[in-house]
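Trainee: This structure is in structure tokens; I'll ask about it shortly.
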Amino acid sequence: MKLIILDRDGVINKELKWVENPEEFEFIDGAIEAIANFKKAGYITAIATNQSHIDRGRFTVADLEAIHDKMLKELRANGGDIDKIVYCPSFDNNDPRRKPNPGMLLELLAHFNVEPNEAVFIGDYERDMQSGYDAGCHLILVENKHGDGEYHNMPDYLKEKTTFVKTLLEASRVIEKWEQV
């Protein structure tokens with residue numbers, strides 16, 4: 001693996017209906033350690049996040065940047081970092097960059113000149129897995145919000161390609177094991 005692509009809300013930070021300002025951004029337990037593990041292992045680490053709240057008028061690009069500044073400051077203070085953040089402000093499901101479409105992931109693969117089979121996408125929704133699947137990435141789904149088994153209602157072609165974990169920290173350990181094989 002060369003590139004780790006992360007969804008943000010529900011994978012890195014606790015998901016509220018909307019995280020609209022830095023004060024509402026709260027890391028999920030173990031997320032900082034997981035991202036520090038990625039950096040220590042030498043992976044390129046990026047975020048691809050739908051942020052349709054911008055188009056909906058819930059907050060501005062400046063608000064989003066302030067949230068990301070807080071996140072990056074805390075990550076860097078604890079040995080982690082994010083090499084690039086891309087986001088889709090649109091709530092139009094036909095936007096090629098909005099997940100479940102693969103546009104943001106393809107953008108990151110091209111930016112870092114990484115082949116899809118050298119990348120993993122870690123998300124927490126079926127739409128994330130669809131985006132990663134369509135981009136050709138390895139898939140890890142963090143099962144953190146629905147009752148047991150709900151995620152397993154995904155189409156078989158996605159389930160067969162997806163590794164299921166409970167936290168981003170567990171995902172970092174799975175990737176470490178993959179690298180040892």
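Quick reminder: no glycine exception, Cβ is built from N, Cα and C everywhere.
Summarising the annotation, TrEMBL assigns Mg(2+) binding site to ASP7, ASP9, ASP124. The feature active site, nucleophile is assigned by TrEMBL to ASP7. Summarising the annotation, TrEMBL assigns active site, proton donor to ASP9. Look at TrEMBL and you will find THR49, LYS99 tagged as site 'Stabilizes the phosphoryl group'. For CYS88, the entry in TrEMBL reads Zn(2+) binding site. According to TrEMBL, the feature site 'Contributes to substrate recognition' maps to ARG98.
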Trainee: May I ask for the distance between the residue listed as 'Zn(2+) binding site' and LYS99 (site 'Stabilizes the phosphoryl group'), taken between their Cα atoms and rounded to an integer number of Å?
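Mentor: Taking the Cα atoms only, the residue listed as 'Zn(2+) binding site' lies 8 Å from LYS99 (site 'Stabilizes the phosphoryl group').
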Trainee: Does DSSP give ASP9 (Mg(2+) binding site) helix, strand or coil?
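Mentor: For ASP9 (Mg(2+) binding site) - judged by DSSP and reduced to three states - the answer is strand.
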Trainee: If the Mg(2+) site is taken as the center of the Cβ atoms of ASP7, ASP9, ASP124, which further residues of that chain fall within 8 Å of it by their Cβ?
Mentor: LEU6, ARG8, GLY10, VAL11, ILE12, GLU15, THR49, GLY123, TYR125, ASP128, VAL142
Trainee: Between ASP124 (Mg(2+) binding site) and THR49 (site 'Stabilizes the phosphoryl group'), how many Å separate their Cα atoms?
Mentor: 11
Trainee: Can you figure out which of ASP7, ASP9, ARG98, LYS99 (the recorded positions) comes closest in space to THR49 (site 'Stabilizes the phosphoryl group'), comparing Cα atoms?
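Mentor: Nearest candidate: ASP7.
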Trainee: When neighbour density is defined as the number of other C-beta atoms within 10 angstroms of a residue's C-beta, which of the recorded sites ARG98, LYS99 has the lowest density?
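Mentor: Least crowded of the recorded sites ARG98, LYS99, by Cβ count within 10 Å, is ARG98.
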Trainee: Fewest other Cβ atoms within 10 Å: which of the binding-site residues ASP7, ASP9 wins that one? Let me know.
Mentor: ASP9
Trainee: Mind giving me a neighbour count for THR49 (site 'Stabilizes the phosphoryl group')? Other Cβ atoms within 10 Å of its Cβ, every protein chain shown.
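Mentor: Total other Cβ atoms inside 10 Å, all chains included: 20.
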Trainee: Can you grab the distance from ASP7 (Mg(2+) binding site) over to LYS99 (site 'Stabilizes the phosphoryl group')? Cα atoms, rounded to a whole Å.
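Mentor: Their Cα atoms are separated by 10 Å.
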Trainee: What's the CA-CA gap between ASP9 (Mg(2+) binding site) and ARG98 (site 'Contributes to substrate recognition') in angstrom, rounded?
Mentor: 14
Trainee: Count the other Cβ atoms sitting within 10 Å of the Cβ of ASP124 (Mg(2+) binding site), across every protein chain shown.
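Mentor: Its Cβ shell of radius 10 Å holds 25 other Cβ atoms.
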